[in-house]
Every structure is written in structure tokens, then in C-alpha cells.
Amino acid sequence: MRQIEFFDTTLRDGEQSPGVALNVEEKLQIARQLEKLGVDIIEAGFPITSPGDFQAVSLIAEKVRDTKIAGLARAEVQDIERAWEALKKAESPRIHTFIATSPIHMQYKLRKTKEQVLEHTKMAVELAKSKVSDVEFSAEDASRSEVDFLAQVFSLAIKSGATVLNIPDTVGYAVPDEFAEFVKAIMTKTEGIEKVKVSVHCHNDLGLAVANSLAAVKAGIQQIECAVNGLGERAGNAALEELAMALYTRKDQYMAQSRIVTREITKTSRLVSRLSGMSVQHNKSIVGKNAFAHEAGIHQDGVLKERSTYEIISPEMIGLDMNTIVLGKHSGRHALRKSLDDLGIDIGEERFQKLFEDFKVLAEKKKVVTSSDLFSLADVHELEEELTIDYWQVVTGNNLKPTATIGLQHKNGEEKEELIKAAYGDGPVAAAYKAIDKIVGIDGELLHYNLQAIDSGEDSQGEVNVTVKFREHIVAGRGISTDIIEASVKAYLQAVNRALGKGWVMVKKR
Ligand SMILES: CC(=O)SCCNC(=O)CCNC(=O)[C@H](O)C(C)(C)COP(=O)(O)OP(=O)(O)OC[C@H]1O[C@@H](n2cnc3c(N)ncnc32)[C@H](O)[C@@H]1OP(=O)(O)O
Ligand SMILES: CC(C)C(=O)C(=O)O
Ligand SMILES: [Mg+2]
């Protein structure tokens, strides 16, 4: 069996998804979970882009010791110096430098000739190599590059010290057979290729990122770049969970294995979804809510008789539905702790006590507290937010102008009266959002609002996802509650808290 290394770019390319803005603590939390998931390399960020990205890469490099940590850099001196500064405390650092090699990118974007691109490649890889032994070189837009020129660039990168060569399908243009042939051609034409690892980085613009990556595995590559839940620029990157489960389930085809600990998949997916604010579509492979749901009678009959009739993966394998205890209002701390352990939700004693109190409140409202509820409860307790809800009330009806009154609490203990405002709106949610805007002194533009039930049944909790624009910044938020207005308020407030955390808005009472 060949070993395929998983290079996770959730924190770099994933964070380039519009609406995703992770703070430093959130990135560290995701990196720690990626380590448990068994990824080989974490691309922690692009240090030159902002002080926050620099700080996140430095912190992850310092704290996450059992996984290689990579930082991205353009083929420019200042980028590489900055990446090295951020990575220098890492146990196994990798500088990942890149430059575009396609005619279209060289001519219009870089405004560089082939010779200049070759010069930058040599300079960048040599400089990176003078800092670290592990250097990855990516040829951006490789799949639209001339194969002979790409092989020339790659040969030079190897001579200059690269240890990994990455072939990105940057704009998701490739199709599987063609991409496999392209990868094979590069591997044949590049001098010294046997000394390095070959990688692919596929985007999902045509929905083919996973298929293209798997075709490249068959063509002989050693590393796949991917992101949890398929996050990433535009339509995203190849989804980590799909690649891991395809390699595992069809090892007969790929003759390859990875270090991914599959039972950590669900937990990782939910953590990334919550912190990024990007919900997972219900019919998404592996981690979608419906991925293991059987609705049709013939299917249900088959599954009841023998699960393998309609299930090619068992839910336990990806860490789903491992909760064996029925939790309700009569459950105690031991049962809750056991259920959390079964689900792989690992929280300290102090947070556990708070979670237990909230669990009891929820159990009063719901007959059965499900695994999804537990994930949500645990999620809610992972953030220390600047503003929290103290009080909310809406008045609405067919003959009334919907009105909301919101009271917030500031973590620095600001005077309560100053953080209560009322507002009208076209509906109760709009009124509540206007009241929050008044308190904070901003005008958030609601770009997207989605409400869905977490489970089935009348007592299910509602989950609201929003995307809000604060000036030029787009931020996502999520809220969960048995009351849909409260879930809506929580979602908006989470977006506000994220924008506050990034310094994009300031509390400025009107
Ligand atoms: C395919 C990918 O995912 S690439 C990674 C994309 N990620 C990002 O862009 C992260 C966020 N970006 C940023 O914060 C900023 O764009 C920065 C800090 C990287 C650069 O900011 P600025 O210096 O203001 O440049 P700006 O973004 O306007 O333009 C990019 C410049 O980099 C050049 N460039 C782009 N890629 C490369 C490269 N790989 N190597 C060298 N130069 C490059 C462009 O040609 C352009 O140069 P020019 O100013 O001479 O025309
Ligand atoms: C930086 C590179 C690897 C990239 O993200 C791409 O080409 O899509
Ligand atoms: Mg990319």
C-alpha cells in the first residue's frame, strides 16, 4: 500500500472562502483538531497577509507539535522572510512558496515573462531552503500551463532545493482523465522528480476536485491538498473527508492509505462548520445531515435487514451516532459526560459544569437531547464572546408593526442600560437586527439568512446561519435555540462578535 499524505489547507485556502473570518484562538482550536484527525501537514496561513494571520501561524507552530506546519509565501523575499519568522518555533516547519506558470496568469496578472518566472522560482526556493529543510513549491494555475514549461520550472525548483512539488488546478478547470495524463507527463518530463514528493491541489469549480485528486493518486502522486467540508476559494477545495473515505472504502482501486483517523471526521467537520459559519449542505457526502439517512421504505427495509444493503460506510466509522445513552431531563452528569466522550467532545471540568446547566435547560424543553444537540451545546461553550444576550423580546402580529427590544451584556461589564435598544422592522428578526445595530452603532447589511431544524420533530432546535456585511467586510454567524427568534439573534450577534474580534467594527453607542 502506498502512503498518501494529507496536506490540510482549511486554515489558509479554506479561510479564503467569502464570509469566513477565523480569529487566532479559533484557528488554534481547528489546528488541534486537525492534529487529532491525523493530517500530515497543516497549512496554518499566509503570514504576510495580516498581523492576525502571522500571529495564528506562529501560535500554531508553537503549540501543535506532532504535525508539520506550513506557511504560504509568494515568490518574493518579504513573503518568505515573514513566513519563516512565523514558522520558526515549529517542530517541523515547511515554507510553501508559489508562482503562477500559465500563460494567462503570467501575462495579465504577474506581467512577467517565462524567464522572470524562472528567476523568481530559483530565488524563492533557494531562499526558503536557506531557512528550512522542507520546501514546497507550487505552480499556480498549473493545469492551464504548457507542460514543457511547467516541467522546466519544476526541474529548476528541485535543483534549488524543493522537497515537494505541487500541481494546483487553481481554477477547477481540469477533468479527471486529462488531469491524470497531465500529472503523468509532468512526472516523466521533470528532472529529479524521484527525489521529491508530488502533490495536487484541486478546486471544485466544476464539482471535480475530489475526482481529479483521486485520478492523480492513480497517476502516482504522494500528497493531496484538501480542506475540511471542502471549504476554499470560490467553490472550494477538494473535501478532506471525501478523499479520506474514498481512499479507505476503495483501497482495492487506489492501493493507497492515509493516516486520517476516520472517527474524528464528524467532530472536525462540525467544529469547522461552526467556527467558519459555513453550514454543510444536507446531502453533502460523508458529513451532510442526510448522508446516512434512509427515507424510502425499500431502503429502510433493506437497512433493517442488513445495513450493508444501502450503506457503504458505517456511521460509527466517521464518529457519528456513537452516543448509546438516551439523554433527557432525568439524566445526570455521568450520563452526559459519557455521551460527550462517546462523541469525542473533549471539554474541561469548568466548561462541563456550565454545559451541564444548559443541558438541563434544554432537556426541560425537549424530550430527548440528541447527538446534534450535544454538538451544538458544546459548540456554544467554546467561544468567549465580547457581547452576549442579556435580554430579548419581540412583539409581532398581523396588525402590528414588529418591534424588538434587545439587551446585550459587554464582557467588560459595561452599564446595562446603555446596551438596551428597541427598533421596528418589517418582521421580528429584522427588528431585532436593527436593535442590535443601534446598540453597537453599526449598520450591518444582511446578505444571507437561513433557518433550518437540527433534528426532526416539533421540539427540534432551530439553527440560523447568516452572512452580514459590515462596511467592506463579510462575516458569517450561526445561532441555535429551541426558539427561532433567539437563534436568529444569536446568529447575528455571533457575526457582530466576529467583526468586533477582527477590529472591523467598534461598539459605538448611538
Ligand atoms: C491561488 C491562491 O490561492 S493564491 C493566495 C491568495 N491569497 C491571498 O491573496 C491572501 C490575501 N491577500 C493579501 O492580503 C494581499 O493580496 C497580499 C498581502 C498578499 C498582497 O497585497 P499587495 O501587496 O497589496 O498586492 P495585491 O494583492 O494588490 O496584488 C498582488 C501582487 O502580488 C503579485 N503576485 C501574485 N502572486 C505572486 C506570486 N506568487 N509571486 C510573486 N508575486 C505575486 C501580483 O502580480 C501583484 O503584484 P503587483 O502589485 O506588482 O501588480
Ligand atoms: C497557492 C496555491 C497552491 C493555491 O491555492 C492554488 O493554486 O489554488
Ligand atoms: Mg487554492
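Heads up, the Cβ atoms here are built off N, Cα and C, so glycines get one too.
Here the structure is a predicted model, which means the values were calculated and not measured.
The feature domain 'Pyruvate carboxyltransferase' is assigned by TrEMBL to 4-266. Mean pLDDT for the domain 'Pyruvate carboxyltransferase' (4-266) in this predicted model: 97.
TrEMBL lists Asp13, His201, His203, Asn237 with the feature Mn(2+) binding site. Of all the Cβ atoms in the protein chains shown, 25 others lie within 10 Å of the Cβ of His203 (Mn(2+) binding site).
The region 'Regulatory domain' annotation in TrEMBL covers 388-510.
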Mn(2+) site shell beyond Asp13, His201, His203, Asn237, criterion: Cβ within 8 Å of Cβ centroid: Thr9, Pro168, Thr170, Cys202, Asn204, Ala209, Glu225, Cys226, Ala227, Gly232, Glu233, Gly236, Ala238
Those binding-site residues listed as Asp13, His201, Asn237, and which of them has the most Cβ atoms within 10 Å of its own Cβ: Asn237
DSSP three-state assignment (helix, strand or coil) for His203 (Mn(2+) binding site): strand
Assigned conformation of Asp13 (Mn(2+) binding site) - DSSP reduced to three states: coil
Coarse DSSP state, helix versus strand versus coil, of Asn237 (Mn(2+) binding site): strand
